[in-house]
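Summarising the annotation, Swiss-Prot assigns transmembrane segment to 1-21, 57-77, 78-98, 101-121, 127-147, 150-170, 224-244, 259-279, 315-335, 353-373, 378-398, 409-429.
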Amino acid sequence: MKTLFVLFLLLLCVFAINANQEEENLPQSHHNLLHKVQQWRTSLKESSAAELKLSSAIIMAGVLCFLAALISSAGGIGGGGLFIPIMTIVAGVDLKTASSFSAFMVTGGSIANVISNLFGGKALLDYDLALLLEPCMLLGVSIGVICNRVLPEWLITVLFAVFLAWSSLKTCRSGVKFWKLESEIARESGHGRPERGQGQIEEETKNLKAPLLEAQATKNKSKIPWTKLGVLVIVWASFFVIYLLRGNKDGKGIITIKPCGVEYWILLSLQIPLALIFTKLALSRTESRQEQSPNDQKNQEGTRLDKSTRLKFPAMSFLAGLLGGIFGIGGGMLISPLLLQSGIPPQITAATTSFMVFFSATMSAVQYLLLGMQNTDTAYVFSFICFLASLLGLVLVQKAVAQFGRASIIVFSVGTVMSLSTVLMTSFGALDVWTDYVAGKDMGFKLPC
């Protein structure tokens, strides 16, 4: 996998260095094709530059975002990796605008998942794990949103393409794994060979469907731990208060602060000790719980973790929040495979990931608003569309998988769309970078204010 990424980056570098030299050698037909594609992309961007108005491109983007939310809702990954290519390629907006829209759409879809997890009668959410992940994830989101304003669009395009390629590879591998498990369970059930025990087969079936259906087979009613949920809200609110004090891009907030002044950066830097304090408290609480009940911890709502894994989680959540803030994706597609590789059960991973995506996506959306995001009315409409699609998707996918017994179909669907998005985003991103370069536009880093 690392080799593929290195080759991918080398190809991008070769393209950037030799593009000017190869331009003269291109056949006339290639010039005409590139010119027509460039004209089409320019016309889309010009129509979306000032204000997004109702058009065929916007309607098509809304339909595709509805389908994307429909597919990704049951997996608990947020869907940001699908929303951004749709907005950039179909609606014609730039990558930064698409990232801000994606934050709103991911928020809308995650609300549907949170409602399903909290009030669906399932004991799957690991609130202790969420308490351990949330502070550093919100810190990463804050830094990521600033990076979105500072980094040039060509660099964001490269980072997003690499990230999406990695996520696509992990998703397809998971799909193959699920397909093999489904086939094995089907063969054993069909031939009536319970050599490994019916209980073990049922357990594998439950684990197989849990990441997508969030373990609909779990029938135990769960009480919502309001204390832990309240602590999570307090953590979110603590970061939110800092954003309110900071104000918008003009420095207008509860208190008047000069944008990018000394007070501005001191206020933002308070998020670092805040995240460290909350993370330390969560680590101490998790360690004390596991020391008090080392034998029956797995039977409780929490997940038993070794010390090295517990220390690794804050760094993982920070990276997920950072990329989520830059791309507006919520971070679910990054943190979900990392949690699975760390030994977290799939059903707990899916439920907890969708819960964390809600917190990170809402924080990204709030920051984009405070930083002067445009076309907010359209973003609200897209968010509501994704909310409805996610609710419908949770119901339809559960029925479809229950009927056909192939939960891996959804994994392959998401992986296929993500792979296609990687190719399209890389192609059109390279074309946009080349267009800006030829036009002599500034392609360097920008000030955060």
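Glycine is treated like the rest: Cβ placed from N, Cα and C.
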Proximity of the transmembrane segment (353-373) to the transmembrane segment (127-147), 3+ C-beta pairs under 8 angstroms: yes
Cβ contacts the transmembrane segment (127-147)/the transmembrane segment (259-279), at least three under 8 Å, sequence gap 6 or more: yes
Best-contacting stretch, by C-beta pairs under 8 Å, relative to the transmembrane segment (78-98) and drawn from 150-170, 259-279, 315-335, 378-398: 315-335
Stretch contact, the transmembrane segment (378-398) with the transmembrane segment (150-170), Cβ-Cβ under 8 Å, 3+ pairs: no
Proximity verdict for the transmembrane segment (101-121) and the transmembrane segment (315-335), three or more C-beta pairs under 8 Å: yes
